[in-house]
Structures are given as C-alpha cells and as structure tokens.
C-alpha cells in the first residue's frame, strides 16, 4: 500500500456480490444489502416512524428493511427496478395485503 491507496487485486470481481439465494448484486447499480438485524432495527427506531405513517422505500432489495418498516408503519411503498429482486420480494411478502405493501 503505497501512498495510502489500496490497489485492486487482479482477477477479483468488484462489480458483483453473491447472495446466499444465488443472486448476484451489482454495486455499480448501488445494490448493497442490509443483513445486520441490529442495523436494520436501529434504522427503523431512529426514523421515528409512527403506526399511521406511509413509508416510501427506494431499492428494497431482499426486503430485510421492508419487513421492519411494515411492522412500524401503516403502509410501505417499495420501489425496486431489478426484476430479480422484485421476484424475491413477491416470494417473501406473499400474502401481505396490497393495502399494506405496494
């Protein structure tokens, strides 16, 4: 490490991060998955969401934060552009009324 710069190792991909469900995430698209439950709980707690609030979530990914937002608020509008993630969300939240999750 010369001059405080970190060199990227050759042959190691930096664009994709594998997920245990077999999906690769694209960091170039800003996909970073919240896996730490303590971090998710802290985000929801500090957000001050009330049971009457409607929450807009941009890029819900696998839905880890979405689940906690649903527990805290009245409704979550989750906007996801990656069709693979949309399928994961549909599986995970199957049976959730559309009056609570869009």
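Keep in mind that glycine also has a Cβ here, set from the backbone N, Cα and C atoms.
Heads up, TrEMBL stuff is auto-annotated, nobody curated it.
Under the heading region 'Disordered', TrEMBL lists 1-25.
Sequence annotations record features per position, and here TrEMBL assigns compositional bias 'Basic residues' to 1-10.
Counting every protein chain shown, 16 other Cβ atoms lie within 10 Å of the Cβ of residue 59 (S-adenosyl-L-methionine binding site). Taken from TrEMBL, the feature S-adenosyl-L-methionine binding site covers 32, 34, 59, 80.
Positions annotated as domain 'Ribosomal RNA adenine methylase transferase N-terminal' by TrEMBL: 39-102.
Around the Cβ of residue 34 (S-adenosyl-L-methionine binding site), the number of neighbouring Cβ atoms within 10 Å comes to 16. Within the same chain, the residues at least 6 positions away from residue 32 (S-adenosyl-L-methionine binding site) whose Cβ sits under 8 Å from its Cβ are 25, listed in sequence order.
Residues 32, 34, 59, 80 make up the record's S-adenosyl-L-methionine site, and a Cβ search at 8 Å around their centroid adds 30, 31, 33, 60, 61, 62, 65, 85 from the same chain. Counting every protein chain shown, the Cβ of residue 80 (S-adenosyl-L-methionine binding site) has 19 other Cβ atoms within 10 Å.
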